Amino acid sequence: MSTRSVSSSSYRRMFGGPGTASRPSSTRSYVTTSTRTYSLGSALRPTTSRTLYTSSPGGVYATRSSAVRLRSGVPGVRLLQDSVDFSLADAINTEFKNTRTNEKVELQELNDRFANYIDKVRFLEQQNKILLAELEQLKGQGKSRLGHLYEEEM
């Protein structure tokens, strides 16, 4: 955690750009942690984006962010929006899309196999009905027909 003070004019605080204001400048303190920057003793008024300088072992980094302030009558600590790293979210999203695509392909293959089994069962049911009809026809003819067929075969 590091603490630093920034001196800026009220114009710069209000409009965010470099300017010459007739008002005296004021000093503002910022506390920077590993993930957030807090402004100490801030007044509650609209804020434009500002450049924040964060020091780390690799050097000094500048980031633009807009201040988010609580709307109450008491001045307090305000939080600044963090920049979001979408690379991890993109990787997870890509992995999810790949998994989802693979699952869809597997389900389509299983659905095709199931449809083939259903077609085979319907075909076998039709064959069974035909065989049952032939059996009933043969039963209805009686022994004379069966005997006649037997003799023809001999």
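Heads up, residue numbers simply count up from 1 along the chain you see.
Here the Cβ of each residue, glycine as well, is placed from N, Cα and C on the backbone.
Coiled coil is the annotation Swiss-Prot gives to one range among 60-95, 96-131, and that range is 96-131. Sorting the region 'Coil 1A' (96-131) by DSSP state (H, G, I as helix; E, B as strand; all else coil) yields 36 helix, 0 strand, 0 coil.
Packing around Lys120 (SUMO2 cross-link) is summarised by its Cβ count: 10 other Cβ atoms lie within 10 angstroms of its Cβ, all protein chains included.
Take the Cα of Lys139 (SUMO2 cross-link) and measure to each of the recorded sites Lys104, Lys120, Lys129: the nearest one is Lys129.
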